[in-house]
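Taken from Swiss-Prot, the feature domain 'CP-type G' applies to 62-213, supported by sequence analysis. Under the heading GTP binding site, Swiss-Prot lists Ser111, Lys112, Met113, Asp114, Gly156, Gln157, Thr158, Gly159, Val160, Gly161, Lys162, Ser163, Thr164, citing sequence analysis as support. What Swiss-Prot records for Cys237, Cys242, His244, Cys250 is Zn(2+) binding site.
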Amino acid sequence: MQGKIIKSLAGFYYVESEGQVYQTRARGNFRKRGETPYVGDIVDFSAEDNSEGYILAIHPRKNSLVRPPIVNIDQAVVIMSAKEPEFNSNLLDRFLILLEHKAIHPVVYISKMDLLDSPEEIKAIGRQYQAIGYNFVTSLEELLPLLADKITVFMGQTGVGKSTLLNRIAPELALETGEISDSLGRGRHTTRAVSFYNTHGGKIADTPGFSSLDYDIANAEDLNEAFPELRRLSHKCKFRSCTHTHEPKCAVKAALETGELWPVRYEHYLQFLSEIENRRETYKKVIKRK
């Protein structure tokens, strides 16, 4: 039989197949090979009834996230708050390049719009992201149609209202929500386990909130690919390996001068590129010491 793991708990994997859910375990040979089934995996399994079965094989994965481990994701809703905590375009772009690199379609959702005196600044930022090609939504009514026929994860900085949003989407989840800490200005982590839930014509999963992200982009070429607007322009650069920093006849810098490119995103690209180069230098020093 073939199915999808929709929940992992205490060594059991709950596999959905043809409308039924089977409780399974992974055979010992997975552990010997260093393989672990994850929520989202397509698996072959055997089961005589719903109470007990065994996973026999794991199909190849199209993508994965590691905190917590979840695989084969169609899209990710990145939740950013308009206020408390303040909207942070740098953090948003870190989420976006991670998702682009993982081939996961991003959707940007802005929470707490009601706390703003005027929504115009956020809406203006939204128009910039929409011009790049991203879905940028500020209401539940805009978000819900995007969930149909997709496996969707939700991510965002702690305290942005992720559990609150999920409870509005699927009240049966009854997820615990955390208040913002006055001393730190951050929310408490309130989500723990990961499961898929059927709702609004698709499947949704919860992931813990993050205040920072580590991305595994290792070079300028991969970083360029993670910025759609740079990716579209870079083939016009004189040099194929152009980093869009100092090279002559750079199409990205030309677009920046004409106003075609949003300066905020270019600044973030330069910052992330610098971080990648610094990590590479640190790694070289460590290797030399060995």
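Residue positions begin at 1 at the first shown residue.
Every residue, even glycine, has its Cβ placed from backbone N, Cα and C.
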Taking all residues of the domain 'CP-type G' (62-213) together, what is their mean pLDDT? 85
In terms of DSSP three-state secondary structure, what is the assignment for Cys250 (Zn(2+) binding site)? coil
Excluding Cys237, Cys242, His244, Cys250 themselves, the Zn(2+) site's Cβ centre has within 8 Å the residues Leu233, Ser234, Lys238, Phe239, Thr243, Thr245, Glu247, Lys249, Ala251, Val252, Lys253
Which one of these binding-site residues, Val160, Cys237, Cys242, has the sparsest Cβ neighbourhood, judged by other Cβ atoms within 10 angstroms? Cys237
Taking DSSP three-state, what's Ser111 (GTP binding site) in: helix, strand or coil? strand
Have a look around Gly156 (GTP binding site) and count the other CB atoms within 10 A of its CB, chains all included. 28
Among Lys162, His244, which are binding-site residues, the residue with the most C-beta atoms within 10 angstroms of its C-beta: Lys162
Spatially, which candidate from the binding-site residues Cys242, His244, Cys250 is nearest to Thr164 (GTP binding site), comparing Cα atoms? His244
The record lists Ser111, Lys112, Met113, Asp114, Gly156, Gln157, Thr158, Gly159, Val160, Gly161, Lys162, Ser163, Thr164 as binding GTP. What's the largest Cα to Cα distance among them, in Å, rounded to a whole number? 19
